[in-house]
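Read the structure below first, then the notes.
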Amino acid sequence: MIDRYKHQQLRIGSVSPQQISAWANKILPNGEIIGEVTKPYTFHYKTNKPEKDGLFCERIFGPIKSGICACGNYRVIGDEKDDPKFCEQCGVEFVDSRIRRYQMGYIKLACPVTHVWYLKRLPSYIANLLDKPLKELEGLVYCDFSFARPIEKKPTFLRLRGSFEYEIQSWKYSIPLFFTTQGFDTFRNREISTGAGAIREQLDDLDLRIIIDYSLVEWKELGEEGPTGNEWEDRKIGRRKDFLVRRMELAKHFIRTNIEPEWMVLCLLPVLPPELRPIIQIDGGKLMSSDINELYRRVIYRNNTLTDLLTTSRSTPGELVMCQEKLVQEAVDTLLDNGIRGQPMRDGHNKVYKSFSDVIEGKEGRFRETLLGKRVDYSGRSVIVVGPSLSLHQCGLPREIAIELFQTFLIRGLIRQHLASNIGVAKSQIREKEPIVWEILQEVMRGHPVLLNRAPTLHRLGIQAFQPILVEGRAICLHPLVRKGFNADFDGDQMAVHVPLSLEAQSEARLLMFSHMNLLSPAIGDPISVPTQDMLIGLYVLTSGNRRGICANRYNPCNRRNYQNERIDDNNYRYTKEKEPFFCNSYDAIGAYRHKRINLYSPLWLRWQLDQRLIASKEAPIEVHYESLGTYHEIYGHYLIVRSVKKEIPCIYIRTTVGHISLYREIEEAIQGFCRACSYET
């Protein structure tokens with residue numbers, strides 16, 4: 001349905017019998033009303049055409065072929081001539097065959113039938129409204145015992161108003177035998193009620209507002225009593241109070257949605273459109289049918305049998321009628337939810353029939369498979385791995401996935417740049433994976449974000465936008481900082497990638513869904529892009545060099561032997577820890593590390609900017625090195641000061657490692673990038 005704001009929505013609930021008939025009924029030009037399915041047949045075995053008034057009737061559900069009736073006559077759909085809309089011979093409407101996807105029918109039940117979802121599902125809505133135990137209601141619905149029916153302002157023979165017959169044990173077996181005697185039909189119908197009809201009468205007599213008032217009064221009385229001191233009694237009172245709250249909420253829901261309680265008992269059973277329960281012909285002429293068709297046939301067979309028994313009620317024993325009503329109830333239960341009452345119904349191959357509940361519920365049901373989690377175009381899925389070289393807003397997309405997702409954009413780019421004359425030539429170039437294809441693909445991807453989603457999407461950070469980058473392999477590369485938002489781990493987790501097509505979707509992805517714009521948790525406001533797991537280990541490895549300073553390392557007698565043995569040999573350079581190298585800038589230090597002249601933890605001296613805090617420090621140097629030109633080096637625990645002959649300070653060196661330098665450069669670049677972004681916004 002579509003609301004006043006033009007939002008498409010789906011509402012599931014009870015409907016009245018009048019609404020069910022309005023969905024299905026059609027009036028022919030001769031005044032005949034069609035819509036009721038009365039025959040359990042599907043297709044005629046000779047003509048292979050739908051049976052009239054059957055489960056695939058063209059009069060009820062529409063033509064199989066657009067504009068062609070059952071007689072074979074053809075008429076243009078939407079023709080403005082004054083030709084009749086229905087065929088005069090067969091009564092089939094000249095409409096599009098797609099009507100068979102939504103045109104419904106109905107089965108007029110010979111007796112009321114309780115909807116098993118409202119009776120057997122927990123909590124039982126019928127039991128809550130009637131304030132009766134579920135076991136008693138089940139016995140009444142399935143004709144295991146009877147109910148004394150009070151007639152308004154008239155005394156009954158039993159004088160039992162609203163009580164179950166089992167309450168009087170001496171009458172438990174005598175009442176059914178007495179009132180099912182032949183010739184007592186009128187008397188029996190006046191005094192005894194059983195089956196779903198008894199439930200319907202009680203639901204029809206309910207006043208929901210009175211239920212709310214009485215339940216509220218009882219709840220207050222129980223609350224005022226206080227604890228009794230008996231644990232069992234206190235639990236019983238607590239359960240009763242919880243039940244009263246659920247009962248009031250249920251009654252309010254019925255009032256708010258304009259649903260009558262008696263609608264939970266069916267008089268008309270809706271029949272699904274034929275296209276939703278198809279019969280398909282496979283190789284060899286064999287037919288494959290939906291299980292729902294067989295369950296519908298079972299209902300129609302039993303309902304027609306009950307109708308025949310009721311039309312000849314004078315010669316039919318009452319117990320036989322009650323047993324047939326029970327069979328109709330069980331057939332409808334199997335159609336709606338097979339196996340809810342115990343042993344499910346099976347076919348000849350011992351396979352359980354799929355009921356209506358099985359079709360719509362679960363991971364492979366109608367909602368989750370075809371509406372909520374259905375397969376969509378321009379999407380793919382792969383395993384995620386760490387992409388340490390990526391920016392926060394980037395993701396690595398495998399070439400194999402990218403060339404499929406962006407194929408239409410790639411074809412357009414090849415044709416626009418006159419690299420392909422038509423679509424066929426462009427597809428041929430893509431299949432051959434020519435070098436120009438990858439260049440055009442990179443241009444297409446440069447301004448087109450993609451969406452990454454990890455199921456289950458429990459909050460809005462479960463799907464975020466990224467700028468795709470082509471990578472080798474078959475795994476999607478992801479920045480480790482966005483892992484927490486997706487609640488993902490790099491141990492085999494899979495993620496889906498989607499391509500937003502419209503300009504509106506791309507704008508929304510850029511403005512609202514980019515990963516670098518979702519740094520805080522929407523629930524509590526804490527930072528969600530924080531280093532964890534591998535990143536913490538990496539930070540520890542980068543900064544795990546000796547931090548005890550030169551005094552503890554060089555002059556510790558326990559470590560002096562290690563200094564003699566620990567060295568890095570290279571063809572052009574020889575370094576020992578007793579001779580720590582000097583570097584003018586961080587680029588030289590990282591270059592030496594990449595050429596394997598020093599390792600990640602090797603202490604070194606890095607020239608640093610003059611710092612007044614170090615110059616003004618009153619710390620005494622550990623040692624002083626004098627040079628021949630008169631300059632000298634004052635060596636401290638973590639830094640070194642170079643002084644001239646005039647005691648001026650031309651430069652300062654700090655003692656660090658390549659790991660510390662790399663971490664500092666990353667932090668510095670991040671701060672500079674943030675400052676540039678802030679300056680652009682202002």
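Glycine is treated like the rest: Cβ placed from N, Cα and C.
Feature list (source: Swiss-Prot):
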type	residues	note
BINDING	C69, C71, C87, C90	Zn(2+) binding site
BINDING	D489, D491, D493	Mg(2+) binding site
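The structure, with features from Swiss-Prot marked on it.
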residue : record              : DSSP class
C69     : Zn(2+) binding site : coil
C87     : Zn(2+) binding site : coil
D489    : Mg(2+) binding site : coil
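Within 10 Å of the C-beta of D489 (Mg(2+) binding site) there are 10 other C-beta atoms, taking all protein chains into account. Annotation for the binding-site residues C69, C71, C87, C90: lowest Cβ count within 10 Å of the residue's own Cβ, C71. Same-chain residues at least 6 positions away in sequence with a Cβ under 8 Å from that of D493 (Mg(2+) binding site) are, in sequence order, V383, I384, R454. Summary of the Zn(2+) site environment: with the site residues C69, C71, C87, C90 set aside, the chain residues having Cβ atoms within 8 Å of the Cβ mean position are A70, G72, N73, E88, Q89, G91, V92. Counting Cβ atoms from all protein chains shown, D491 (Mg(2+) binding site) has 7 others lying within 10 Å of its own Cβ. A Cα-Cα distance of 63 Å separates D491 (Mg(2+) binding site) from C71 (Zn(2+) binding site). The distance from the Cα of C71 (Zn(2+) binding site) to the Cα of D489 (Mg(2+) binding site) comes to 63 Å.
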